[in-house]
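Enquirer: Handing you this structure, nothing more for now.
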Amino acid sequence: MKKYRKISIGCFAMATQTSHVFHGQENMFLENHCIRRNTGRDSKKPLKQKNMNGLGQNSDNGLLVTHVNQTQDLLRLQGSETQSSDWEDSEDWLSAHSLKCQKLTLADLISQGTEVLEEGTNVVQKICFSTQIIRHFESKLSDTIEVYQERIQWLTENSKKAFGLIKGARVSILIDVSAISSGPQKEEFQKDLMSLIDEQLSHKEKLFVLSFGTNAGSLWPDPMEVSASTLQELKLWVKTLQPDGGSNLLQALKKIFTLKGLDSLVAIMRSCPDQPSEILSDYIQQSTMGRDLIIHFITYRCDDQMPPAVLKNLAEAVRGYYHCYSPKMEHYTSRDMDELLAEIQKAQSLLSHVQALQHSSPCEALTCTMEEISTEITNGPLISLLPKPPKHDAPLTIEFPNLDKTSAEWLKVNGLKAKKLSLYQVLAPNAFSPVEEFVPILQKTVSSTIHEKAMIQFEWHDGTVKNIHVDPPFLYKYQQQLSRAMRMYERRIEWLSLASRRIWGTVCEKRVVVLLDISATNSMYIIHIQHSLRLLLEEQLSNKDCFNLIAFGSTIESWRPEMVPVSHNNLQSAWRWALNLRCRGSRNVLSALRKAVEVDFKDKDKHQSQGIYLFTGGIPDQDMPTLSAYMAEACGGCDLQLNVCLFYVGEPKMDTTPPARYASHTDTAAAYKEVTRAAGGRFHWFGDTGIYESDDINSIMSEMEKALNYSQKCAFLMASLKNHSGKVLGSSALPKEKPKTLQLRSQPKKLCPPRPTVPLGARMSIKDDPDREKSPPLKSLKWRPLSSRVGISPAAAQPTKEGMMELRRKTKSREAETSLLLFYTEKGNDVGSVYKKYPQGRGLRRTSSSIDLPRKDTVCSSQEWVAKYGLKKLKLEISRCMGPNCTHQKSGQRSASAKHCSIFPSVEIHGVVRHIQWTPREMEVYIRHLEKVLRRYVQRLQWLLSGSRRLFGTVLESKVCILLDTSGSMGPYLQQVKTELVLLIWEQLRKCCDSFNLLSFAESFQSWQDTLVETTDAACHEAMQWVTHLQAQGSTSILQALLKAFSFHDLEGLYLLTDGKPDTSCSLVLNEVQKLREKRDVKVHTISLNCSDRAAVEFLRKLASFTGGRYHCPVGEDTLSKIHSLLTKGFINEKDPTLPPFEGDDLRILAQEITKARSFLWQAQSFRSQLQKKNDAEPKVTLS
C-alpha cells in the first residue's frame, strides 16, 4: 500500500505544478525506446542501455539465440514494435488506455460489488466488496497511473519537448523567422529543428517548408517526397535562416492553402503574429472547409514577445493542436499533455476513494454502510467524482456588463432598414413605373418604351415591375456599405456565441427570475448547471434591479421567498446556495412557473422589463398545451416574457423509476418553442458541440440573408446592364457574320447529284434522312486506317444504314444542343458539315454534374437503401472510366499498336490491359462524387449505430411486436436492454408505428397487452412502466412466444431479441414458423446478444431468412468506439484501417458498399495520377 500511496502523491504534484518532471525506474523502457530511435541502426547502444537498466532479465520467449547478431536483430525488432505503438496518435493512444476502456471507472467497480436489498423492498441498502476485488482494482489503477506518467515523460523528451508530437503523413512546416537572432539562441533553435527533422519529419511521406517574417519564402515549390537528399537539403536550408522583420502569418497561410495533398499544417511561432487572432481564425476556418487538415500551433521561446495563451486560444478556435515550450522555466504544455493530466486526475481521485474504502473495515467482506455513499450510488453518480472547472467553489468574480439588448431591438438601430440600406430605399430615386394610357386618337392603350434599353426592368418588393436606371459607381458604393454591414452582423453573432451568452443568450430584462432544472435525469450534469449559473451571475446579473433563483425537480426550492435587489452580497449568497443543489425527482416545470408568476411577479402590472429564464434539459411533466395556455394568460397585458434555455444532455438513462414523460431532443425543442411564442419570449438551444438554435442569432442571420439577397440583385442589375450593352454592340455586326449561302444549302432539294463514287446506301442514308441537321459532324465518308499498316479492306469499313442509325442513337443525348448542315463538296467523295448550333462541351460526357443523395436518413433496410443510392444505381462504378479490353497488342496482321494505344493510358486489371478513357477533369469530378457519396454512406452507418438502432436495428413495419428474452442467461444484459427498449419505444415505435405490443418470455411468456395497442403517449408511458419490472430467470421458450405473437391480429413484423438457442429443437421452431408463415405474412427479425455462440447465430439467421426478415447483431462498446474514431477522421485515405466485419444484415450490406466505394476511390486516385503523369510527360506546343 505504500507504493500506491506514493504514486497517488506523485500524481497530485504533477497535476498541480507547471513543471512536469518525473523520476524513477518506471520510465526506463521509454528511455530505451527513444535511444533506439535516435541511434538508428546502431544496435550496440540499445543493448547496453537495456542491460544497465536491468530490463534484460525478461523471461525466455521461446526463441533460442545462438549468435550476438541474432540478439541484436531481436532487440531491433522489439524496438520497432514498441515504437509503432508509442508513436501512435495521442487521441488513439488515450482511447485505448483510458479508464473507461480498461474498465476502471466507478461504475465498473460498483458492478463488481454485491447488492444487499432492504428487507421487504427492492431498494439497495448496501453494496459489499471483497478484499480481493478492492486490491485488484487498486493495483490496476496504480499501474494505469504509472503508464500515464511514462507517456508524459516520453512526450517531454527530445524534439517532442520543444515541438510536441507532429501528426499527419504529408506535413507543411511554417517557421517564424521574425525573432531569430545571432548567438546561442539561434544555434539552439537550429539544433532543435535538426532534432525534429531526424526524429519525426524523417518518417513522414511528404514535406513542405516555408519561412516567413515580413515576407514568406519556401524551400521547394511543391511538397517533396521524404528522402535522404531532401532531408539533407532541408538541414542546409535551416542553417541559412535569417531574421526578417515582422510576423506575417496570414501571408504564409495563403501560400500553404494553395497546395494540395497535405494533411497537416505546423506553425512554429516565435513572436506574436501581425494579424489579430480573430482574423486568422476566420481565415483558417474558411480555407479548411471541407478539407481534412490537422493544424498545429507551436510557441517556441516566446515568453516576452507573446503570451502562449494567444496561440492556444487560436488553436482551440480552429479545433487544432497547440504546444507551448519555454526552456527558461522548463515549462511545456500541450493538448496531449492536458488530456493525459485530466485522465490522471480522475484516476488519482478514484484511487483515493478506493483506498479509503479498503481501510474502512478489516474484515474479509467489506461493507459500504456509509449513508452518503449508499445514497449517492442509489440515486446516481458520485458528485465528488464529477470533473469540475478550475475554482468552481471559489467566490464569484463579478463584472458590470453593458446594457444588452435583444437582437430584435438591436436591429431597430443597426438593421438594414434603420441604416437606410434597403435595396428598394436606395433604388427608389432612380426607379420609374411603366406608363400605360389610352390614346383617343389611336383608340388603343399605349405603353411607354425605353430608348435603346437605357433602363433595366426590375421586380419591386410589391410584385410590380419598375424601370431602373443603373448607375455602376453608385451600386459599387452600395455594395461596400453592405459588406461593412455584413461584417458588423458577423461580429454580433460571434459576440452572442461567447461566454455566458452561449449558454443563456442575452439577459436584457431588469427584473429576472431564473428557474433551474435539477431533475434526476440531470444528475451527471449538475456541475455543468452550476457552472452555467456561475457565468450568468458573474457576467449578466450585476446591472439588474431584482432577481431570484428557483430550483425544481418533483418539488421546488427557492433561494429567497421573493425577488431581492441585486447586490454583491446577494449574488455571492445565491452562488453559495447553488453549490448545495442536488438532482432528484422528475421535472415539475408548471409548479416552478407558478411560483415565479404568482409570487415573484405578483405585481407584474406595475413594472416594466421583466423576464423568466427557464434553464432545462428535457420535456416537462405536464402537457405542453397546458403550459402554453398558462403562460399566455400570465404574460398577457404586461411586460413579462418567458425565455427558455434548453441544453441537450442526451437520452434519459433507464432507472428503477422511469421519467414521467419522454420526448426526443427535436420534439422537446419544438415544444418549448411553442411555449416561448405564446409567452412572447425567446428560445435558446445549445449543447456540448455549440449552439443549435437561437432566436437572437436567427434574427441576425435573417438580416444577413436579406443583405446577401440585396447584393445578388445588385449583381443581377449589373449583369443585365452588360447584356444590354452587348446586344446593342452585337446587333450591327451580326448580319455581316452570317452568310446567306448557309441558309440556301440547308434545303435538300437543291443538292446536285454527285459522282457515284461512294456506295449508294451510305449516300442515300444521308440524303433521305429528314433529321440530318442533327447528325454528328462527319468530315468525310472516306475510310482511313487507324495506322499505317492495316490489313482490313476499305469495303468492310464503309458505313451502312444500320451503322449510321447506331451512331445516331449513341449521340441522341447531344442532339438537342447540336444542329448540323451537311453538304457534298466539289470533289464528290467528301461530305462537308457546318454547325448551325454549336455542341456543348464534352468535359463531363460520362459523369453527371451532380449526385442526388437524401439529406435525411429514411427508415428502410440497407438493401432497399443501397438499391436506391448504391454505386450501381448512381452509375459510379470504376469500370465506366475503362474502355474495352485492349486487343491491339494481340493483332496478328500488324506488330505496332493502334494510335490511340499511345494516346490513352492503359492499366492492367486481373491480367487484362484496358484503356483509361476519361480526361483528368472527368476523373477529378468522379473522385469528388465518390468522396461525397462515401461521406453520405458513413453518415448512414453512423445513423444505424446511433440510438435504439444500435441494439434493435431499424423498425420498418407499422404494426409490430417486440419479443424479449428474459431467461436467466439474460441477467448481465437485462439492464442495458431495458434502457434501450425504452428508447426504442419513444424513438421508433412512437414515431413510425401505428400499433405495437411487448412480450417477454422465459419458461413461459408474459405479454404487456392482449392485442396490439395504438401508439399514443399514454400507451408508451404504460409500456415503460411494464419494462421496468422485468426480471431475468428461467429457461428460453422461444416457440411458445412466437405462437402467441402470431396470434395478434393485423401483425406485420416481429422483433425477437435473445442471447441463445431455444430450449426445444431449432428445426422444430423453424418448421412451425414456416407453417405459420403459410397462413400469415409476418416477417420475423432476429436480434442476437451473443455472437460467440455460432449455433445460436446460425439459427437466428435461418429464422430471419425463412420469414423475409433481417438478422441483427449489436456492435460492442469497444468496436463502437473504434468505428466512431474511424468515421470521424474521414475514413477516405487508403492507409485508414478497414471497417470491422459486421454480423447484422443492415450493417454488413452498407459496410460492403462503403468498402467498394473506398476501393473505387483509391483506383480513381491512382488513375488520376497516371493521367497527370502522362500530361506532364507530353511535350508542350508553343505558338509563335
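Just so you know, the numbers here start at 1 and follow the chain as drawn.
Placement of Cβ uses the backbone N, Cα and C atoms for every residue, glycine included.
Predicted, not measured: the structure shown is a model, and the values here were computed from it.
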Enquirer: Which one of 8-32, 333-357, 483-507, 558-582 shows up in Swiss-Prot as coiled coil?
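Expert: Feature coiled coil in Swiss-Prot: residues 333-357.
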Enquirer: Of the residues Asn709, Asn723, give the one that Swiss-Prot describes as N-linked glycosylation site.
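Expert: The candidate carrying the N-linked glycosylation site note in Swiss-Prot is Asn709.
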Enquirer: Could you tell me the mean pLDDT the prediction assigns to the domain 'VWFA 1' (511-708)?
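Expert: Average per-residue pLDDT within the domain 'VWFA 1' (511-708): 88.
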Enquirer: Who sits close to Asn709 (N-linked glycosylation site): which same-chain residues at least 6 apart have their Cβ under 8 Å from its Cβ?
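Expert: Spatial neighbours, sequence-distant, of Asn709 (N-linked glycosylation site): none.
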Enquirer: Provide the three-state secondary structure of Asn709 (N-linked glycosylation site) computed with DSSP.
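Expert: Helix, per DSSP.
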